[in-house]
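Each remark here refers to the structure printed beneath this line.
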Amino acid sequence: MAKLISSHITFQELQDIVELLGKVSGFDLSGYSKSSLKRRIQRILDLEQMDVVDLKNAIVNVEGFQTYLINEVTVNVTEMFRDPRYYMALRGDVLPYLETFPRLKLWSAGCSTGEEVYSLAIVLAEADLYKRSFIYGTDVNSNVLETAKKAIYPLKRFKIYSENYNATGTCNSLSDYYTAMYDAAIIRADIRKNVLFSQHNLATDYVFNEFQFISCRNVLIYFDLELQRRVFQLFYESLSEFGFLCLGAKETMVNHEIRSKFKVVNKEFNIYQKIK
Amino acid sequence: MNKAKDIVLIGGSAGSYTLIVQILEALPQRFDAAIAIVIHRNPRFTTKIEETLSIKLRRSVIQPRDKTAIAPNIIYFAGPGYHLLVEPDWTFSVDVSERIHFSRPSIDVLFDTAAEVYQDRCTAFLLSGANQDGADGIRRVREMGGKAIIQSPDDALIATMPTYAIQANAESDVYDDQQIISFFRKLT
């Protein structure tokens with residue numbers, strides 16, 4: 001226990017680690033929220049029983065450690081139909097508008113293990129829009145994307161996923177959309193059809209397509225205001241006219257000038273529409 | 001923007017809500033500190049703690065959003081489903097990282113990050129509860145020069161949390177309910 005107490009890193013040590021990682025790799029964590037990032041790094045030190053010197057050494061000298069670090073630092077908590085009422089809001093406020101576009105491209109930015117992408121696919125399919133839709137899921141973490149591509153999840157999670165799904169006000173059953181085998185379940189092939197997962201780093205990468213809908217929920221909370229500004233600009237440039245941007249429940253655009261180029265479609269669920 | 005120079009933290013779980021209401025009712029109209037509270041709550045049930053208390057107390061009771069500046073004279077409650085953290089620029093941030101002691105929001109997370117930023121201008125209270133959250137946070141507050149106070153297990157409806165924190169933190173200050181309420185009555 002004594003080691004844990006003395007091994008708490010300081011903000012200065014955190015900054016040194018971030019600078020070192022930036023120098024020797026392509027990963028730039030300088031725009032991450034400091035206290036949150038510090039706890040993430042502390043967690044890795046505790047897990048690996050390392051101190052700061054060990055960590056710096058591993059960043060420079062241990063093959064694969066940089067990727068491991070990024071994968072561990074990023075938070076990958078997700079569920080199918082997380083915040084069920086958000087999906088109700090999509091059905092009520094967003095889909096009627098999306099219907100008017102001939103082709104739909106959607107982007108789930110920070111998609112983690114893909115549950116949100118497949119939830120969107122199901123909602124689109126039920127509105128008869130999926131056949132003209134394509135969903136891109138991106139994340140900075142390469143590990144989670146492998147899970148997302150496979151679309152195989154532990155069966156025990158589907159208890160909560162089903163509860164969520166039922167709470168979205170549907171008459172269907174989530175079990176219509178997956179096939180269970182032993183202790184795992186795979187998302188049905190026609191739901192997996194129009195999706196693509198690839199690595200994209202919101203902190204350093206650029207616009208790669210034009211979208212009618214971007215969902216980025218519980219990602220910006222990990223970024224400081226400056227990096228948030230970059231990402232909002234990136235989303236703005238990636239959205240077509242009257243495209244939608246959906247943020248997480250605690251996230252907000254109010255701190256940013258770009259807010260004036262969007263209209264609030266749903267205040268509670270932070271759904272915005274590009275109007276300028 | 002005017003930011004609070006002092007922060008008072010309250011961590012509570014099962015059995016703490018009644019005392020928290022008494023604490024808040026005892027507050028003077030005007031004080032310069034910010035108050036940040038974590039109560040363990042289940043995100044699957046919407047509770048209206050903030051709304052109810054805002055009306056009852058006739059003052060600002062807020063669930064901070066991401067990057068909300070920490071302002072004086074405001075009472076903040078950590079929202080369900082998210083950890084609440086204090087950033088070095090005196091703003092709140094939130095995250096959805098792993099639960100700590102089965103809890104998100106976790107008392108340890110708020111206490112740890114606030115202790116580091118506010119140092120000797122941080123005062124933390126740990127109240128009634130049925131788990132072990134908060135004990136590490138109390139230690140961090142003390143390590144960083146802040147003041148940490150634990151509710152007397154004799155007064156706590158569920159003594160597990162204060163008892164554990166006292167065991168983990170020898171020489172910590174233990175207050176009975178009247179002493180706790182009195183602290184807040186005199187808050188500046």
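Just so it is clear, glycine is given a Cβ too, placed from its N, Cα and C backbone atoms.
Where the annotation comes from TrEMBL, it is an automatic prediction and has not been curated.
Among the features that TrEMBL reports, domain 'CheB-type methylesterase' is placed at B:1-180.
Other Cβ atoms within 10 Å of the Cβ of B:Ser13 (active site) number 24 in total over all chains. Annotation comment: TrEMBL describes B:Ser13 (among others) as active site.
According to TrEMBL, the feature active site maps to B:His40 (among others). The 10 Å shell around the Cβ of B:His40 (active site) contains 23 further Cβ atoms across the protein chains shown. Secondary structure from DSSP puts B:His40 (active site) in coil.
DSSP classifies B:Asp133 (active site) as coil under the three-state reduction. Under the heading active site, TrEMBL lists B:Asp133 (among others).
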Separation of alpha carbons, B:Ser13 (active site) and B:Asp133 (active site) (Å): 9
Cα separation, B:Ser13 (active site) to B:His40 (active site) (Å, whole number): 5
PLDDT averaged over every residue in the domain 'CheB-type methylesterase' (B:1-180): 94
